[in-house]
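The feature domain 'G-protein coupled receptors family 1 profile' is assigned by TrEMBL to 39-288. Look at TrEMBL and you will find 23-47, 59-80, 100-118, 138-160, 195-223, 235-258, 270-290 tagged as transmembrane segment.
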Amino acid sequence: MENHTNVTEFILTGFKSHPGSQFFLSVLFSTMYIVTVVGNACMILIIRMDSKLHTPMYFFLENLSILDICYSSVITPKAALTFSLGRRTISYNGCVSQMFFFSLFGTTEAFFLAVMAYDRFTAICNPLLYQIIMNKRLCVFMVVGSYLSGCINCTIQTGFTFNLSFCGPKEINHFFCDVPAVMHTSCSDTLVNEIVMLSVCGSIIVGTALVVFTSYVYIIITIVQMPSAESRHRAFSTCSSHMLAVSLFFGTVFFMYAQPGATSSPDKSNTISILYTIVIPMLNPFIYTLRNKEVKGSLKKQLKRKGF
C-alpha cells in the first residue's frame, strides 16, 4: 500500500466542552491518577514488607499493582494536561508510542487476571499440590509470558493501525490514541484492520476470559462440596476480590474490542474507556485490600509499627 500520510500530529477531541467542564475533568483525572499511584504503591510496599505475603498469589498481585501504575501512566497524565491547558495536540510519534504501550499493558493485564484465576484454582482445587505446582519458576514464567503476549499484540495492533494513510481530517474523537478511534480518522479502507483487531483482540479477550470462567466453575464446584460453612466462607473470601476485578475489566474491554462495529461508536467509547483506563487501576488496590483479611492485617501491623 502506498503511504499518503501527511499528518505530523493529531488533535484529541474527546470530551471537548466549555472551559468549566475541562477544569473539572482535569482535576478529576489528576486526583484519580494520584490515588491510583499511591494506592498501588502502598499495595506493593505492604506485600514486600510482610514475609507472610511472599506467596504466589501476592506475587501476582504485586505485579498487577506495578502494571496498573504503568497502565494508568500512559493515559491519565496526558489527558489531565490536555484538559487543563487546552492543548489537545499529540505528535504522530507520540500517538504511536501511546497506543503501543497502552496495548502492551492492557493486554498484559488480561493475561495477569487469567494467571491469577489459575492460581486460585490450584490453591482451592489442588491444595496439597499447590506449593509444588505454583513454584517460583512457574510464577516468573507466567509473568514474563504475559508481557511477551502483550508485546506481540501491541506490535500487531500498532503496526497495522499506523500502516494506514492519514491524509485528514486529523481529529481523533477520543482523549487518547486508542486503536478504534485512530482507525476511524484514516482515509484508507479499514476493513482488513477491523478484522485483524476483532480477531486478535477478540481471541485474547475470549481466551483469557475462558480460562477465568473455567477456573471459577471448578472453584465453585469445589467450594460447594466443602463440608463446613467456615471452610466454604474462607475459600470464597480468597476469590471474591479477584472475581470483582475480573468482572469490571473483562466487561468493559469486551464491550470495546471483542464485538463487531467497535469503531462505530466513538462517543460511547470515550465514557467506557474511562472505566478500564483510569477507574479500574484506581479501584484494584482497594478491592484487594478491603476484601482481603491478610492484606488488611498486614496493613494494620505496619501502621501499628509506625506508631499510628
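Even glycines carry a Cβ here, placed using N, Cα and C.
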For the transmembrane segment (138-160), sequence-distant contacts whose Cβ falls under 8 Å of one of its Cβ atoms, 6 or more beyond its ends: 56, 59-60, 63, 96, 99-108, 111-112, 115, 179, 192-193, 196-197, 200-201, 204
For the transmembrane segment (100-118): best-contacting stretch of 23-47, 195-223, 235-258, 270-290, by Cβ pairs under 8 Å: 195-223
Distant-in-sequence neighbours of the transmembrane segment (195-223), which means Cβ under 8 A and at least six residues beyond its ends: 107, 110-111, 113-114, 117-118, 120-121, 124-125, 149, 153, 156-157, 160, 179-180, 183, 232, 235-236, 239, 243, 246, 250, 253-254, 257-260, 262
Contacting positions for the transmembrane segment (23-47) when only residues 6+ beyond its ends and CB under 8 Å are counted: 15, 53-54, 58, 61-62, 65-66, 68-69, 72-73, 76-77, 79-81, 83-84, 278-279, 281-282, 284-286, 288-289, 295, 298-299, 302
Distal contacts, the transmembrane segment (270-290) - CB-CB under 8 A, six or more residues away: 14-15, 29, 32-33, 35-36, 39-40, 42-43, 61, 64-65, 68-69, 71-72, 75-76, 102, 106, 173-176, 178, 241-242, 244-245, 248-249, 252-253, 255-256, 296, 299
